[in-house]
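Asks: Attaching a single structure in structure tokens format; questions to follow.
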Amino acid sequence: MQLSMSFLIGFGTLVLALSARTFDLQGLSCNTDSTPGLIDLEIRRLCHTPTENVISCEVRYLNHTTINLPAVHTSCLKYHCKTYWGFFGSYSADRIINRYTGTVKGCLNNSAPEDPFECNWFYCCSAITTEICRCSITNVTVAVQTFPPFMYCSFADCSTVSQQELESGKAMLSDGSTLTYTPYILQSEVVNKTLNGTILCNSSSKIVSFDEFRRSYSLANGSYQSSSINVTCVNYTSSCRPRLKRRRRDTQQIEYLVHKLRPTLKDAWEDCEILQSLLLGVFGTGIASASQFLRGWLNHPDIIGYIVNGVGVVWQCHRVNVTFMAWNESTYYPPVDYNGRKYFLNDEGRLQTNTPEARPGLKRVMWFGRYFLGTVGSGVKPRRIRYNKTSHDYHLEEFEASLNMTPQTSIASGHETDPINHAYGTQADLLPYTRSSNITSTDTGSGWVHIGLPSFAFLNPLGWLRDLLAWAAWLGGVLYLISLCVSLPASFARRRRLGRWQE
């Protein structure tokens, strides 16, 4: 009995350890090559209380439908190669890859020799220009919807497809490729509904908000009209209490001034214009993580995106189980393993195939559902930090005392024991920790600008030797011609002065 109990306990502990090691960390796998979704971020809805000032409105709007449409995707690229030939067989080549936007029949392979290409008194060379055109034609399925963006593609961004292009049966995408399909005319049905909306009373213009649309609309005489929606609210003033008028003699001078200014300040804050400007300004410039804000605002944890002029550009992702790998390279994002492949987990929880570089020895505190601490180039996996917010209710005096609990000790290490110091110096006055909140950030710390480790991929000794010998032969030939030109006049003068050689 005791043996069986110990076996069960050991087996359960092993299962828990394996499950914790395998499924403890999750990342977002996102296809950003697909068409993103566009959504208007109505920040003013933050000021609306769903249970107060509720009114009934008649709403007339167009329904949205989505259908699948077969199409043919054509992508053509033209490879331009120009090869130069000079003395002693030395050559160089220029390679350019351009998008070809013409017809498939016009995508021809040809070569045009130019001989001589360039020739002057010290150098001659010829050139051959070769253009190779390649096209890939693929049968695909796209989704057509009655609201913009009108077309969704999983293989490219089809946001630029217009209604006219849908009706014509051909569209050119932003990357230069083309789509051909059966012409399609967008049609929408009109829907009439009675919805409960929340009206904002403390505003110069009455604003009604609907949770079904996640939008707010400014009412003019109780109605709002546009090409896609009509809103009519009859009793839009019944739920708003009238403002009380007070006179100067009722209060003191200071109180009267505050009383007169309070409605203006209240309108400014409750209209959320200031809050909207701050939020869109911060998240629209890339200073902070727009994906985190979009997840909280749209109440969807599995999306990424950014904000452009108050419009959220959003991609749908799905969660996958990943595991940390040994951080043995100079990468800013930690390496993770997913299905046997190496990826990098950025600060927004997204799996990437590339990453900015970072200084070896840089310590990073990261949040992936839990706090983790990792060191760049340490060869060790990031470790979890045990942190409980409820146990950190510090009094200020206790908090200050907890910062320096031991005397400062300087551990000096020379270049022989610490190669990082040999490469970068001690860097004692710089912040060793860092965090990044931008999807494109390469900043690796406060006050420290990262320039990256040198890359030695350009080292090619055999190529250098070939070029050196070629130029040495060319220079030797030129010097021989110069010496010949200098010696010939002297030889002719000597022959004229001494005559022919006779025995």
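Glycine is treated like the rest: Cβ placed from N, Cα and C.
As listed in Swiss-Prot for this protein:
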SIGNAL    1-22  signal peptide
TOPO_DOM  23-467  topological domain 'Extracellular'
CARBOHYD  N109  N-linked glycosylation site
CARBOHYD  N139  N-linked glycosylation site
CARBOHYD  N192  N-linked glycosylation site
CARBOHYD  N196  N-linked glycosylation site
CARBOHYD  N202  N-linked glycosylation site
CARBOHYD  N221  N-linked glycosylation site
CARBOHYD  N230  N-linked glycosylation site
CARBOHYD  N235  N-linked glycosylation site
REGION    274-315  region 'Fusion peptide'
CARBOHYD  N321  N-linked glycosylation site
CARBOHYD  N328  N-linked glycosylation site
CARBOHYD  N388  N-linked glycosylation site
CARBOHYD  N438  N-linked glycosylation site
TRANSMEM  468-488  transmembrane segment
TOPO_DOM  489-503  topological domain 'Cytoplasmic'
Asks: Between the Cα atoms of N139 (N-linked glycosylation site) and N321 (N-linked glycosylation site), what distance do you get, rounded to the nearest Å?
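Replies: Each residue's Cα considered, N139 (N-linked glycosylation site) and N321 (N-linked glycosylation site) end up 32 Å apart.
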Asks: Would you mind listing, in sequence order, the residues at least six apart from N235 (N-linked glycosylation site) in the same chain with a Cβ closer than 8 Å to its Cβ?
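Replies: When sequence neighbours closer than 6 are ignored, N235 (N-linked glycosylation site) has I55, S56 within Cβ distance under 8 Å.
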Asks: Using Cβ-Cβ distances, find the residues under 8 Å from N192 (N-linked glycosylation site) that belong to the same chain and are at least 6 apart in sequence, listing them in sequence order.
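Replies: Looking at Cβ-Cβ distances below 8 Å from N192 (N-linked glycosylation site), excluding near sequence neighbours, one finds E58, V59, R60.
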Asks: Could you give the number of helix, strand and coil residues in the region 'Fusion peptide' (274-315) as assigned by DSSP?
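Replies: Helix, strand, coil within the region 'Fusion peptide' (274-315): 20 helix, 11 strand, 11 coil.
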Asks: Return only the integer: C-alpha distance in Å from N221 (N-linked glycosylation site) to N196 (N-linked glycosylation site).
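Replies: Between the alpha carbons of N221 (N-linked glycosylation site) and N196 (N-linked glycosylation site) there are 18 Å.
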Asks: Over all shown protein chains, what is the count of other CB atoms within 10 A of the CB belonging to N139 (N-linked glycosylation site)?
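Replies: Taking all protein chains shown, N139 (N-linked glycosylation site) has 8 Cβ neighbours within 10 Å.
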Asks: Given the glycosylation sites N221, N230, N321, which one's Cβ is surrounded by the fewest other Cβ atoms within 10 Å?
Replies: N221
Asks: Where N196 (N-linked glycosylation site) and N230 (N-linked glycosylation site) are concerned, what is their Cα separation in Å, rounded?
Replies: 14
Asks: Cβ distance under 8 Å to N328 (N-linked glycosylation site), same chain, sequence separation 6 or more: which residues?
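Replies: In sequence order, G377, S378, G379 meet the Cβ cut-off.
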Asks: Hey, how far is N321 (N-linked glycosylation site) from N230 (N-linked glycosylation site), Cα to Cα, in Å?
Replies: 46
Asks: Which state, by DSSP, holds N328 (N-linked glycosylation site): helix, strand or coil?
Replies: coil
Asks: What's the number of neighbouring CB atoms sitting within 10 A of the CB on N196 (N-linked glycosylation site)?
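Replies: A 10 Å sphere around the Cβ of N196 (N-linked glycosylation site) contains 13 other Cβ atoms.
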